[in-house]
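Here's the structure, in structure tokens; my notes come after.
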Amino acid sequence: MNKNIVILGTQWGDEGKGKVVDCLTKDSSYVVRYQGGHNAGHTLVVNDKKIILHLIPSGLLHKNVIGIIANGVVVSPFELIKEIKMLETHNIFVHKRLFISNSSPLILQYHIEMDIAREKKLGISALGTTGRGIGPAYEDKIARRALRIGDLKNEKTLSIRLEKIVNYYNHQLVSFYKHKPVDYKIILRDLLPTIDLIYDMIKDTTSILHTAIQSNKKIIFEGAQGSFLDIDHGTYPYVTSSNSTIGGVITGTGVGSKSLDYILGVTKAYSTRVGYGPFPTELFDDVDKHFSKKGHEFGSTTGRKRRTGWLDAVALCRSVRINSLSGLCITKLDVLDGLHEIKICTAYKNINTLEIISFPDIDEWKNIEPIYETYPGWNKKTLGIKKLIDLPYEARNYINRIEEITQIPVDIISTGPDRSDIIFVRDIFFIKK
């Protein structure tokens, strides 16, 4: 039996991981966020109510589940408290079953101001960050100057270290970026009241997870963003600041690779991307309008319109290999309903050399042309279908072709936004390794 399951995105984020996590954690004991921050946006629809989570693990909507925000996550205490209070309006109370790693770096106002100042100075060369301070917070971690969640437990030390780091940031903000400075006293004043609200949640989460594994508890590891936003394996520099591929699970939790039983890659039935960066299958036609309208392709974190395109199987296959995926979950299959034909990108061609490229360098992307296979679409609605056999023949053929190209099984298919709109082809908890 598979106890410990990783769920991660195979594209550029927004694949629908939150819903999949929500569906699988009803039978689990723990759900763990291991990287990213509140730049993630996991949208769940429960009883026709939309709930968007940016920081708290999606599986906490189930009242029997314990949530972990592990050491790989950068945490804004203000955003965390805001989410906790939002969940309480839905009668979901998490104070006694949510734990935060004492090693998680803090996101504070100076990170946000630095993020905004940099994007403004870059102008048309901006990376398109969410402006929430994620990158600067990870920089502090790597530079070994970060304030961490555990520092909140010692007010005197916190005050001294905070003043030093505010001075460091203000020197850059004012002198180089010509940006307004931040006020150390205001940051400290606003931060102190948050301590009492989350004090009891601050734990050594690595030890909690080790104990859970030794006790044979089921654990879901919930990824944020997608594989091609990974700082090392993504379309650099148009990436996030953390490891959103499988390596982020290990470093971001302290759980060893041998403890991971099954790795599920979540992919849309087509492709989307928010912000700048390479996107070889991008569309600018009526199909783009179809995807945007029917798929509601607007970012849950930024509200920006997502770029849309056909499924990129070259990128998907690379993601399969990078993450050692056990199986796939195809989401938003219903968005393809009504299309006359459907395409899959199976190779990249350099338009100058006509050479087939496995995965381009950053300067090569502009010369890449996708090579497509074309398949017939379907007119029957797939929305809400719960059995594989009930899908139209053409839809099943499309799924089969994805399995052939990637050489791994499609174990789950999402056919709509509600948590009940799902096909479990195989029970991933009981698939033999």
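For all residues, glycine too, the Cβ spot is worked out from N, Cα and C.
According to Swiss-Prot:
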type	residues	note
ACT_SITE	Asp14	active site, proton acceptor
ACT_SITE	His42	active site, proton donor
BINDING	13-19, 41-43, Arg306, 332-334, 414-416	GTP binding site
BINDING	Asp14, Glu15, Gly16, Lys17, Asn39, Ala40, Gly41, His42, Thr130, Arg144, Gln225, Thr240, Arg304	IMP binding site
BINDING	Asp14, Gly41	Mg(2+) binding site
BINDING	Ser300, Thr301, Thr302, Gly303, Arg304, Lys305, Arg306	substrate binding site
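With respect to their backbone Cα atoms, Asp14 (active site, proton acceptor) and His42 (active site, proton donor) stand 8 Å from each other.
Checking each of the binding-site residues Thr130, Gln225, Gly303, Lys305 against Gly16 (GTP binding site) by C-alpha distance, the shortest gap belongs to Gln225. Cβ neighbour counts within 10 Å, taken over all protein chains shown, single out Leu333 as the most crowded of the binding-site residues Thr43, Leu333. Between the C-alpha atoms of Arg306 (substrate binding site) and Leu333 (GTP binding site), the distance comes to 17 Å. For the IMP site, whose binding residues are given in the record as Asp14, Glu15, Gly16, Lys17, Asn39, Ala40, Gly41, His42, Thr130, Arg144, Gln225, Thr240, Arg304, the maximum C-alpha distance rounds to 34 Å. When the binding-site residues Asn39, Thr130, Gln225 are compared by the number of other CB atoms within 10 angstroms of each CB, Thr130 has the fewest. In the three-state DSSP classification, Thr43 (GTP binding site) falls within a strand. Ranking the recorded positions His42, Leu333, Thr415 by the distance of their Cα atoms from the Cα of Gln225 (IMP binding site) places His42 first. For the recorded site, Arg304 (IMP binding site), the DSSP three-state label reads coil. Here the C-alpha separation of Gly41 (IMP binding site) and Gly303 (substrate binding site) works out to 10 Å.
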